[in-house]
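Student: Dropping the structure in here first, questions after.
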C-alpha cells in the first residue's frame, strides 16, 4: 500500500522554482523518502600535497626520490643546482590529478616537466608559479600554483604494486602486493588474480621478517633487491602505524637500473578519529583548493556540494539527499546543491545551513525534506523559524517534516516569511 502525506498550502508561490517544488510535493509518495544511508556526521578528507606525503615517507626511512620544494623561480633554480642530478623532474603542486596533461594560463603546457638543465627548471617554474593550472579535475579556471617540487628523476626498470590497508575480514592490517605495478590494481585482480598476493599482519606482532621477504619475492625482487624490498615493506608498515593510516598504497614500488628499490608514488589515507593525536599531520591539511562554501559547511559538520540549479535542498541523510536531488530533476527542476545535515544535527547547524543556502545567488526556492528518525523534527522546525526571522528569507520555502515530534513542532506558526509551504504528516 502506498501512503501519501497530507499537504497544506499556506501562501502562493510566484516563481518557476517554487512551482516545480509544489509539483514535486503534490505528486510524490511518502514511501520514496523513507530510506537513509548513514547517520554518521560527515567529515572532510585530509588533503596533502605530493611533497607532504613524500616528506612523511622520508621521515620513516622509506626510499623516495631526493626532492626540494620551492615557492619562487629562483628557489627552484637553486634547488635544481643542489640536487646535482643527471635529470630533474619539476612538478606543479596541486591536489587535482591530470597535471601532466594540464595547461597553464601563462601558455605553458604540462604541469610535470623533465630536463637536465637547472636553468630550464628556473624558467619553467617562472611560468608555473602564480599561474593557474587547468586539468580535467580542476574548475574551468584552474587552480593557482603556489609551490613546485624539484626532484631527482630516476629511471624505472620494473614496476610493482604494494599496499597496506585495514581489512575487516582479517580484523586488522593486510599487505597486498603484485608484480604488475604502474596500473590499476583492479585491472590486475580482474584479469590475472593469481598475481595478487596477500599477507595478514598480526597487529601486536607487526610484519615479521619472513612475511616481508615472502612478499618481496612475490613482487619479483631477487637477490640483494629482495632484502632491500623487504626492508622498505617494514618501513612502510612503521609509517602506517605511526600516522594512524587506514591505507598506504605505493604504485609503483619500483626497481631502478642502478639496483635501488624506490617508492615513486603513494597514496595515504588517514583515520579522522586519530586527529587528536596526529595534530602535526592534520596541520598540513591543504585547504587552499577547497570550495569556501564547502569549507564553511564542514565547520558545522554539514556535507555540502554546490550544483548548478536554482532549488536549494536541505535534507538529512546522504541517501535521502541524493534521492531528493534526483526527484527534483525528474519533475523539471534543477537542484542547487547537495546538503546532508546528518543525524545528530543541532538547531545552530540548521540556522547555519540556511545561511549557506541563502548566500547562493542562484537559489530561487528552498526545499526542506526531513525524515525524523534520529533527528528531532522540533530542532529542525525551531532552526527554520529562527532562520526565517533573522535572515529575512526572500525566496519560497517548502518544508516537509516526517517523523519524531512532527505533530507539535511543525513551523506552521511562523508568519515571518510570506511564502512558506508545510507538508506535515
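Yeah, the Cβs are placed from backbone N, Cα and C, and that goes for glycine too.
Look at TrEMBL and you will find 54-100 tagged as domain 'ATP-grasp'. As annotated by TrEMBL, GTP binding site applies to 65, 98, 99, 100, 154. What TrEMBL lists as site 'Important for substrate specificity' is 87, 155. Taken from TrEMBL, the feature Mg(2+) binding site applies to 251, 265. Look at TrEMBL and you will find 316, 373, 374, 375 tagged as substrate binding site.
So that I understand the layout, could you describe where these features sit and how close they are to other parts?
Tutor: Break the domain 'ATP-grasp' (54-100) down by DSSP state and the numbers are 19 helix, 9 strand, 19 coil.
Of all Cβ atoms in the shown protein chains, 20 besides its own fall within 10 Å of the Cβ of residue 99 (GTP binding site).
Within the same chain, residues at least six positions away from residue 87 (site 'Important for substrate specificity') with a Cβ under 8 Å of its Cβ are 114, 115, 116, 152, 153.
Residue 155 (site 'Important for substrate specificity') counts 11 other C-beta atoms within 10 Å of its own C-beta, drawing on all protein chains shown.
The number of other CB atoms found within 10 A of the CB of residue 373 (substrate binding site), across every protein chain shown, is 15.
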Student: When you look at 65, 98, 99, 100, 154, which the record names as binding GTP, what is the longest CA to CA distance in angstrom?
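Tutor: The span, Cα to Cα at its widest, is 21 Å.
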Student: Least buried of the binding-site residues 154, 375, going by other Cβ atoms within 10 Å?
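Tutor: Lowest Cβ count within 10 Å among the binding-site residues (154, 375) is 154.
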